[in-house]
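Annotated features, as they stand in TrEMBL:
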- 48-136: domain 'PPIase FKBP-type' (DOMAIN)
- 160-248: domain 'PPIase FKBP-type' (DOMAIN)
- 272-360: domain 'PPIase FKBP-type' (DOMAIN)
- 384-472: domain 'PPIase FKBP-type' (DOMAIN)
- 528-563: domain 'EF-hand' (DOMAIN)
- 1-20: signal peptide (SIGNAL)
């Protein structure tokens, strides 16, 4: 009967081999039918490896006698160390992760003549449907495979650096157990000082910002025999797909890269200066977070006085007007562990590409540079003089803001009369006709913090390239009219043309204009003659009745310092 049974089993096995096109094997050897083989098989099981796999154990008739699935955990064991029945030890060698095979094991390589208690009868052929999930070896080390690296890499991760990175974490069979992308926030940590599992502490070293790499860890460099208690089983190899976004060291200070330096640089910024500059702000991985250009206005601030983050206070010192530089700021000199709560994450390194437009100091005065002076330069401009000038005006970065040449007329002003910004008043003094000057005017002597809407930005330093075209000497301080000849003793009588002992406004105006036309008197230049004469008449009309009597009429010499008519 037993011989007959053996023959039947042999025939059944032979039929199975033929059906599956399997090569004939001796009855006492295992049979492995590969039901699924993954496209990629980077590693196969070798003797001495540790494996994790699921299985269903069945008898040839399909009756199940055991299952790892039913227990809810993989079977974890060393291969080739006699921790398995001999047939399984042999069958697992050469398998790939995610490979599925049906293994048929004869009794001699299973539980033999004795069977196994009440579960496996004597001389039982065993079938195992095996799914391999993990392979590692005690000799394994961290494996790092970079699949993207940026063209430039000025710095790589070192021990004690602080980094921010995104990752997807999977088991070796591809099962996802965690992802920073799903949480929509980076993983931020120190490297190499025990804040991470040992394998990640090793696998992240040497990475560049922007680099992408696959880091594979054996369990003894991951979560070990116990796993993490939830998503990572014990003895599991881990695979992390990592992209590094940020990198700094707590000992870092700012770094400055000068990109464009102007040919001439007469002055460099110092602590206490007020600066106008444009910038683009990004994170270290290139993520944009802010730009003054997008707001179409410069960022205006004092530097070195705590008005900006500490790194910018440092990075804006020692720059030239017109200079472009890149300032890289570690988080402890930027927005720290908290970030801004919106566009700048906590512990982020900041990159500012800066273009300095202008700067000045509140203690600055007008800078006057004479670019041309005529040989004959004896008559110099002073307060009260009426001057005519041509100018080209620009901002300190060269942006034009106005030109008398484009207007087609000169700029005509009276010095000291408050007709122009204070800086121009200073710059046009002691200048002779034909002279050319360059005036650099700080904003507190120009158009101030507000500027001129649509023309001059607030807090802008101004540059005027000026040429004096003509000069008409003004009157002594306090006078709007002076006599160039002796004053007639019969002045009032000469004004009173109709001899009614009253001087009417028309009589007064006609008389003064006649003196001016005859060269006997002179009105202050640059002002409306009729307004001056009107004011002179008003000052003489003491009682305000619209006429001047002989008793009201007085010369300048007879007046107190408060009057300056005649």
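Glycine too: its Cβ is placed from the backbone N, Cα and C atoms.
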- Message: Treating G and I as helix alongside H, and B as strand alongside E, what does DSSP give for the domain 'PPIase FKBP-type' (272-360) in helix, strand and coil?
- Response: 13 helix, 36 strand, 40 coil
- Its residues classified by DSSP, the domain 'PPIase FKBP-type' (48-136) shows 14 helix, 37 strand, 38 coil
- Task: Could you put numbers on the helix, strand and coil content of the domain 'PPIase FKBP-type' (384-472), residue by residue per DSSP?
- Result: 13 helix, 37 strand, 39 coil
- Task: Grab the pLDDT values for the domain 'PPIase FKBP-type' (384-472) and give me their mean, rounded.
- Result: 94
